[in-house]
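Sharing the record's features from Swiss-Prot:
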- 680, 755, 756: Mg(2+) 1 binding site (BINDING)
- 1040, 1074, 1096, 1157: Mg(2+) 2 binding site (BINDING)
- 1230, 1287: Mg(2+) 3 binding site (BINDING)
- 476-554: domain 'Peptidase A2' (DOMAIN)
- 614-804: domain 'Reverse transcriptase' (DOMAIN)
- 124-127: motif 'PTAP/PSAP motif' (MOTIF)
């Protein structure tokens, strides 16, 4: 330790006396950054200067390096000036801390501490030090610790507690010198600190790393592992240094003081039970651990580190050194001291003392258990009242009103004191003025303190109220001075008995001894821009009564600095705050769209516009990434407009939901607000600042002419036009500015939409006051107002494209409708768009608009010419007449709102009006919904909801009465019989409904008083009447349909008419057939006025019921047929009944419905053997089972061109495989490839080895998930096997597949692929399957793969017959189970033979035996392999042997040594 890079070995220079160690560390790190490195002479001169500076009366804590630089004499030897310059540049990165709370009065002794209560926890003050600065010349590669290095570091920190300034100074220099990795730092922590400190440090470091990873670290890749792992790489210097800073910062947050707490020294006795030791630790932590500190990691760490040696060995042996506490207790519960028995020591609870409790004065309990609060230690130092603490003193809570600020006073309300340090990088909740960058051009705005703007016409003087605790509060004018370390107050504010001390002060006039005194009494200062008072523990007193200065000690509690704005700007201008959310917070890659070339005229205009924007401060030069093209557009008056194409940025931006529902309805402006004024903001978007991090998304390039040089890059500083979230952001900012004005003038109204503002007031005087306040607020926030566009009554008021008159509204521009039949599509589309804009004031129904909308449909080319029919031309005439009457009334607040809803075939028209008014308030049009049926009740309910929503949103009222054109009978029938969801809505609003009745023809003259030529609205009546009971005198009509045919039967005691007919092409559907059958039936029953209709189609049944209750025809594919139903059912009385089909009931309704269904049925003919073979390519035996003779089947096979070739599945020898003893005993699985039409299919095949039944599925991959899916489908098809046998492919040996087999209790084994002995069955099955697939695709090349595979499985499993048992695979798979043959049954008397044998599964070449077979069967023999067990041996491992002759007996010449194979 003590070694510095590029320097000889020398001890670390010691700090001068009186300077804190962490401040000295800052000076050392700044000195080590000098190039070349510092010398001993530099350190000597630095210590000499600091010693002189520490002796000055003005203390430098918190230290101010700028003040030190000002005290440095010119020509001072050494490089002290360079060191201070480095510190001044680095100090801006460290946030200052608030002043400590005022200490209690020293005149009173602290209360006696209670021995039963642990001392309170005091959190150490974190040292204020600069970040680790790696000096120049540091080695590029990291050097790991050596043991001598660790010993040297430990020797220097042996007398310092972890987190103390001396400890942090040594550790920081060690980190600076060795540049350690994360593992090196962990080794250093374990070597230096106890396990408790290491555990707490590890926990704090984890939380810091989590915050840093969330915030984002340069060079950190989340996919490469956690930060600890990446910081271990010596090549990752950036990440390593980030980890070093976090590791050092974790020491500053360690709980506890410099000494170890009392509970850290609790050790387990040599004979103490482990559970008693843990209990003592738990109680000590509960009493002494600071609040908020987690107890569990500390308890686990101490439970191991402070245990005795024997318990530590037990915990190490079981691996429970840092396990949960329960595991540690179980590991040590059986431990007892050597040569001693287990003793349970029970300590009795100590009785409470006889003395009374000092809190409540009562005896019988401990003071720590008392519920009363702790009494104050003595009289309050502020008011000398002994009944409360100083923190509860009423003098700290001002009761007198605060002084009113003057017009030019400060406007900011700084935050109050808080017990924890604030993060000043965010400005303490304040907003900086726009000229802050001009005042401090070299500072980063994120690191500047909040500012206090002052009046440039006056000195920085403010009014303050001072309370010296010895006299009444007084108001004085004080000078704000950031150069004064302490606040100075005149002696006139203090009483004569105030204790004052002599002091010397060094100021601008030199040093003085008797001018100022020092007082230690707390002083309360109330400032106009602060809601809570400032408490100063001491201040200077001017004995000559000349000065009142607010110094840095007071301003530091305000967390602000002074700022004097330029003389050009008003003194109280505050900018609009930058938006908190822009829609680009996810920071995608900025767009890089190349700038397209411009002609010389446009390029010159663009350069002129850019120069004007640069002078206005809207843009600035830029060199970063991102680009969007720009171009100028020439306006009608000859000037140019700057256009920035931000479509690429808009595509990356998240839409912000706007709180504005749209432009306000000006008809809601009451007639009582007759005095109006408009305010138009100029370049409103250019007043919202744009954060720096979003500039790449709004950058552009101005090219040079003919590409003579690189273009000039710029980026927006403010919110540009063309950004899709700009209107929403500006609306939110403007609404925030206008909200105080709205609250100050409740009798007036302010309408705001985008950058247009309308002021409405009941009197001219109120309008002037409202206008003045609004203008002042807008100007104070930097929003320029266009004076030439301001309008005021009396006079014409044009706002949002409308002209506001005293009692009505008109549109500024009403379109002119030319009457002609030929239109270009863009012309008609533009005309209808203009008509739609003024439709709220146009007295017309929906029909003329719908007629012209239909003319725009079915056109795909924008250049098409549209030819209108006579009815559409007539619609143009009606619209021109209606536009001539375009006018709307303004709201009369004394009259109720009325509504009229007219339902027509083309849509709904809703009118909101007031009685006795010449014009309505608004006309609303809505098209029919996109459904096949539009019930009148549903349309009425939707119109009512739309009407209520609009009137509440625009007028704040509901319509008192709603007129509609549905007849009363139809309306009541819909309410009583319909189950539509709109019925509850209509019932809820039924008290407001009123039927127009006979007044429909006179609607316009009776209610609206309009002269517009509008057609009368007819009352709506249903097409036919629905009878609730069956009609005895009417015939019965049955109809039905299928996808290909339709039929009906007309019956009246006998079948009068019946017919079945096919559907006409090209569209064929069951609904179309059912509708067509009903239409033919109605056509045949046209002569009857009454009719009973029986339908088994729910679609037609509900359609007819809705038609009977009243409906309009909507959009449907069956619209031409549905339009015929009203004509055929007109004025009929119909009984409608739904029939359930295929019930086979004996009643006549079911019988006639079944007879109708029979007319649709086409008989199904069985396939002939030749057709069956052409479809499936099944075998000869399958054809004979389907009725063909053997000769016919043979001829069919010979005539099939696909079956004449050889089958590839027979090319593999049959071999011998292990087969199952019953179905679903053993399966074999494999994946085979089948390529067709450039698509490679993976066929997952499973074969039952007993029956040969196959299950196959086609997949596109060979993954484990596909293999699992195919096995599950096979189990659903064939059943669950006991064993499965596959090859060792990756899909079958994966962990997922094995886990699935284990969960299903299936045993999985593997075999050698392409081996006739082990995998022959599944390989042959693959060949059979692919042969059939090739045949199918040869016959039908377009056959889907799923269909071909299904036909092949049907053919193999259900049609083809096995030659050995004359059954199909499916029959064999589902055949009855045979009784198992036990191996222990009595042996037969059949003659057995002697065999040599080899045991299965062994590779031995030596034959064993001979042994006499106990039993022989097909394929194996039961051989006694030992004295106590026998085993079935297959024939391939047996060799026939002669019977051994008895001892001494002759050999039998007939016996031969034979070898058998199965």
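Positions of Cβ are set from backbone N, Cα and C atoms, glycine also.
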Can you give me the residues near the recorded Mg(2+) 1 site, meaning same chain, not 680, 755, 756 themselves, Cβ no more than 8 Å from the center of the site's Cβ atoms?
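Checked against the 8 Å cutoff, the neighbours are 678, 679, 681, 684, 754, 757, 786, 789.
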Across all chains shown, how many C-beta atoms besides its own are within 10 angstroms of the C-beta of residue 1230 (Mg(2+) 3 binding site)?
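Its Cβ has 23 other Cβ atoms within 10 Å.
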Under a three-state reading of DSSP, tell me whether residue 1040 (Mg(2+) 2 binding site) is helix, strand or coil.
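Residue 1040 (Mg(2+) 2 binding site) sits in a strand per DSSP.
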In whole Å, note down how far the CA of residue 1040 (Mg(2+) 2 binding site) lies from the CA of residue 1287 (Mg(2+) 3 binding site).
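That separation, Cα to Cα, works out to 57 Å.
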By CA-CA distance, flag whichever of 1040, 1074, 1096, 1157, 1230 among the binding-site residues is nearest to residue 680 (Mg(2+) 1 binding site).
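Considering only the listed binding-site residues, the nearest one is 1074.
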In the structure shown, which of the binding-site residues 680, 1040, 1287 has the fewest other Cβ atoms within 10 Å?
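Comparing Cβ neighbours within 10 Å for the binding-site residues 680, 1040, 1287, 680 has the fewest.
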What does DSSP give as the helix, strand and coil breakdown of the domain 'Peptidase A2' (476-554)?
6 helix, 34 strand, 39 coil
Limited to the motif 'PTAP/PSAP motif' (124-127), I'd like the whole-number average of pLDDT.
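Here the predicted model's pLDDT, averaged over the motif 'PTAP/PSAP motif' (124-127), is 43.
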Can you list, in sequence order, the residues of the same chain other than 1040, 1074, 1096, 1157 whose CB lies within 8 Å of the CB centroid of the Mg(2+) 2 site?
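After dropping the recorded site residues, what remains is 1038, 1039, 1041, 1042, 1047, 1077, 1095, 1097, 1141, 1153, 1156, 1160.
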Quiz question: given the binding-site residues 755, 756, 1074, 1157, which has the greatest number of C-beta atoms lying within 10 angstroms of its own C-beta?
1074
Near residue 1096 (Mg(2+) 2 binding site), which residues of its own chain have a C-beta under 8 A away, given they sit six or more steps off in sequence?
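Long-range Cβ contacts: 1040, 1138, 1139, 1140, 1141, 1153, 1157.
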Distance between residue 755 (Mg(2+) 1 binding site) and residue 1074 (Mg(2+) 2 binding site) at the Cα atoms, whole Å?
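That comes out at 60 Å between the alpha carbons.
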In which DSSP state, out of helix, strand and coil, do we find residue 755 (Mg(2+) 1 binding site)?
coil
According to DSSP, does residue 680 (Mg(2+) 1 binding site) sit in a helix, a strand, or coil?
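SS state of residue 680 (Mg(2+) 1 binding site) = strand.
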